[in-house]
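Undergrad: Handing you a structure now.
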Amino acid sequence: MHPRFQTAFAQLADNLQSALAPILADHHFPAMLTAEQVSTLKNTAGLDEDALAFALLPLAAACARTDLSHFNVGAIARGVSGNWYFGANMEFLGATMQQTVHAEQSAISHAWLRGEKGLAAVTVNYTPCGHCRQFMNELNSGLDLRIHLPGRAPHTLRDYLPDAFGPKDLEIKTLLMDEQDHGFTLTGDTLTQAAITAANKSHMPYSHSPSGVALECKDGRIFTGSYAENAAFNPTLPPLQGALNLLSLNGYDYADIQRAILAEKGDAALIQWDATAATLKALGCHNIDRVLLG
């Protein structure tokens, strides 16, 4: 078990500990539960779906990287597939505050990058900030997405974001988590192809500036992130943050990164290179390359 989970795990009910122990045994537990695992945990612990999600929130919050605020937020995105995806807030010392990833963004990006097609609910241990409410409004679940908070009745995003502005106001039909493939040809080595594949998945209906990042760890593991734009622009999630989020959720540290590649168009309206390189260098990675999409 990764050390970050030990305190939260020790506070769980005994029957839930017994069911979770073999799942968490892997140091690189992927911070997600399959639909089958969720069903097993519910039956073993005698909890309904909502109660189980609340019980697991401390494990999600344990994944937070909060060197600046020391305020851990955890979230669980519940996919329409039945799979659950952990998320937690991330802060990057030496970079800018704008690079921060919020817990809801973390869980949603986690689900999206693992191929989830839509979300039924998000469970989070603190009220979503306005930034996250706007981020969630980009999803194909729209304002019907259920939001669950401890000690409160469940509400929809519509309740938390009245008079919402979103992609439909801009006549955008393809939403975040809808399947997309922009068709750029895969070239180069495995890491380069992974970055291009991530760029092909980008949600960028406003700038038409696709981008993707691939990070290679010293053990050969590769994590990718795709660009996710937002109708309100500022809640947009850059591709590097998506990749760093997956890397961290899987129990890796920034020091494990040995190489990074950004794939983007050289003539795009928005360029990720400077911000991507600056953030990676702040985290200790200097082996950074860029491949231009044709």
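Glycine residues also receive a Cβ, built from the backbone N, Cα and C atoms like all the rest.
Positions annotated as domain 'CMP/dCMP-type deaminase 1' by Swiss-Prot, on the basis of sequence analysis: 48-168. Residues annotated as substrate binding site in Swiss-Prot, with sequence analysis given as evidence: N89, M90, E91. Under the heading Zn(2+) binding site, Swiss-Prot lists H102, C129, C132, citing sequence analysis as support. Positions annotated as active site, proton donor by Swiss-Prot: E104. The domain 'CMP/dCMP-type deaminase 2' feature in Swiss-Prot is assigned to 186-294; the stated evidence is sequence analysis.
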Undergrad: To the nearest whole angstrom, state the Cα distance for the pair C129 (Zn(2+) binding site) and E104 (active site, proton donor).
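TA: Cα of C129 (Zn(2+) binding site) to Cα of E104 (active site, proton donor) measures 9 Å after rounding.
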Undergrad: Looking only at the domain 'CMP/dCMP-type deaminase 1' (48-168), what is the model's average confidence as pLDDT?
TA: 97
Undergrad: For E91 (substrate binding site), which residues of its chain lie six or more apart in sequence with Cβ-Cβ distance below 8 Å?
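TA: Result: R65, T66, D67, L68, S69, M97, T100.
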Undergrad: Here's one to test understanding: among the recorded positions N89, M90, E104, whose C-alpha is closest in space to the C-alpha of C132 (Zn(2+) binding site)?
TA: E104
Undergrad: List the other residues in this chain whose Cβ sits within 8 Å of the Cβ centroid of the Zn(2+) site residues H102, C129, C132, in sequence order.
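TA: Along the chain, the qualifying residues are A103, E104, Q105, P128, G130, H131, R133, F135.
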Undergrad: Going by DSSP, give the three-state secondary structure for C129 (Zn(2+) binding site).
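TA: Going by the DSSP assignment, C129 (Zn(2+) binding site) belongs to neither helix nor strand, so it counts as coil.
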Undergrad: Given the residue listed as 'active site, proton donor' and N89 (substrate binding site), what distance in Å do their CA atoms have, once rounded to a whole number?
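TA: Rounded to the nearest whole number, the Cα-Cα distance is 8 Å.
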Undergrad: Indicate whether M90 (substrate binding site) is helix, strand or coil by DSSP.
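TA: Its secondary structure by DSSP: strand.
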Undergrad: About how far apart, in whole Å, are the alpha carbons (Cα) of H102 (Zn(2+) binding site) and M90 (substrate binding site)?
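TA: Computed Cα spacing between H102 (Zn(2+) binding site) and M90 (substrate binding site) is 7 Å.
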Undergrad: Check H102 (Zn(2+) binding site) against DSSP and tell me helix, strand or coil, would you?
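TA: Once the DSSP labels are grouped into three classes, H102 (Zn(2+) binding site) ends up as coil.
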Undergrad: With an 8 Å cut-off on Cβ distance to the N89, M90, E91 Cβ center, who else from the chain surrounds the substrate site?
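TA: Along the chain, the qualifying residues are A64, R65, T66, L68, S69, A88, F92, T100, V101, H102, A103, S106.
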